[in-house]
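Peer 1: Shown below is the structure under consideration.
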Amino acid sequence: MRNICVIGSCSMDLVVTSDKRPKAGETVLGTSFQTVPGGKGANQAVAAARLGAQVFMVGKVGDDHYGTAILNNLKANGVRTDYMEPVTHTESGTAHIVLAEGDNSIVVVKGANDDITPAYALNALEQIEKVDMVLIQQEIPEETVDEVCKYCHSHDIPIILNPAPARPLKQETIDHATYLTPNEHEASILFPELTISEALALYPAKLFITEGKQGVRYSAGSKEVLIPSFPVEPVDTTGAGDTFNAAFAVALAEGKDIEAALRFANRAASLSVCSFGAQGGMPTRNEVEELLS
């Protein structure tokens, strides 16, 4: 069993389902409303745990009922919460999600996630006895992402930086990350002067650009490779990217080569969109391996 440390956001998702996505100034009727645990960090932690890794979640929640529910959900999914801390007088992070026409739109309120400082994250990393892979995203302070990538680089700990939500990154942070996994929109923010192919060629076997139902694209050095996704009828795409990143982390930590790891991650992500909720459809190890066989 590999040890994976996820440093990132934990939130409660407030999910509205509608037949139509509202335009600016428009009011539409929804068909359902649910609250489900989410946050990119928590989603990736749960997905990695279901795929068989021992997962340590490093993050913060508010001192509210959402925070309690988030912690209970992590524990119920086998995620270690030794390095999770409630923040007094602060609300838990929330994500406000509209599901319509098989896709989603999301507004994130950081809440306690904004209190994850570099010192807090690095202290947790130093205490975990052995880390095979670190996963980090951008729903936490920018300086924390920068310092964690720098620490991992200097200590030879592989780290996947999932640069979502999109924002520009310092060049040294890009250099310090072992792997970068933006989607097409995020890649355009990271590399505004480059085409997709130019960016991939600049970072072979480091930059992996996810393209939704098309799959994931990367440079193998001498050629550009597209690993196709597995075709499914999506119910809820909210957790697909998080499942992809978690599965990619697990596969790499287990020693799979890049192409095999990407195929594993694509299959896991495809399965994840077949049920409601960011975490609801996240598959087990057996489910992914059955699809691969």
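Glycine is no exception: its Cβ is also placed from the backbone N, Cα and C atoms.
Pulled these features from Swiss-Prot for this protein:
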ACT_SITE  D242  active site, proton acceptor
BINDING   S11, M12, D13, G39, K40, G41, A42, N43, E139, D242  substrate binding site
BINDING   N183, T210, E211, G212, K213, Q214, G215, G241, D242, N266  ATP binding site
BINDING   D236, T238, S272, S275, G277  K(+) binding site
Peer 1: Taking the residues the record says bind ATP (N183, T210, E211, G212, K213, Q214, G215, G241, D242, N266), how far apart in Å are the two Cα atoms that sit farthest from each other?
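Peer 2: Value for the max Cα separation, rounded to a whole number: 17 Å.
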Peer 1: Relative to the Cα of S11 (substrate binding site), which of the binding-site residues N183, G215, S272 have a Cα no more than 10 Å away?
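Peer 2: Those near S11 (substrate binding site) - Cα within 10 Å - do not exist; the answer is none.
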Peer 1: Can you tell which of the binding-site residues N183, K213, G215, D236 lies nearest to D13 (substrate binding site) in space, using Cα positions?
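Peer 2: Closest candidate to D13 (substrate binding site), judged by Cα separation, is D236.
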Peer 1: Can you give me the same-chain residues 6 or more apart in sequence from K40 (substrate binding site) with a CB-CB distance under 8 Å?
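Peer 2: Set apart from K40 (substrate binding site) by at least 6 residues yet with Cβ under 8 Å, we have G8, S9, Q137, E139, N162, A164, D242.
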Peer 1: What whole-number Å value do you get for the CA-CA distance of S275 (K(+) binding site) and A42 (substrate binding site)?
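Peer 2: If we compare the Cα positions of S275 (K(+) binding site) and A42 (substrate binding site), the gap is 18 Å.
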Peer 1: E139, E211, D236, D242: which of these recorded positions has the highest Cβ count within 10 Å of its own Cβ?
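Peer 2: Of the recorded positions E139, E211, D236, D242, the most buried by Cβ count within 10 Å is D242.
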Peer 1: May I have the list of same-chain residues other than S11, M12, D13, G39, K40, G41, A42, N43, E139, D242 whose Cβ is within 8 Å of the Cβ centroid of the recorded substrate site, in sequence order?
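Peer 2: Residues close to the substrate site, other than S11, M12, D13, G39, K40, G41, A42, N43, E139, D242: G8, S9, C10, P37, G38, G93, A95, A278.
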Peer 1: Round to the nearest Å and give the CA-to-CA distance linking S272 (K(+) binding site) with K213 (ATP binding site).
Peer 2: 12
Peer 1: Roughly how many Å lie between the Cα atoms of E211 (ATP binding site) and A42 (substrate binding site), rounded to a whole value?
Peer 2: 23
Peer 1: Taking the residues S11, M12, D13, G39, K40, G41, A42, N43, E139, D242, which the record names as binding substrate, find the longest CA to CA distance and state it in Å to the nearest whole number.
Peer 2: 15
Peer 1: Can you see whether DSSP assigns G215 (ATP binding site) to helix, strand or coil?
Peer 2: strand
Peer 1: Please name the residue among the binding-site residues N183, T238, S275 whose C-beta has the most neighbouring C-beta atoms within 10 angstroms.
Peer 2: T238
Peer 1: Let me know the DSSP-derived helix, strand or coil state of S275 (K(+) binding site), please.
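Peer 2: In the DSSP reduction, S275 (K(+) binding site) maps to coil.
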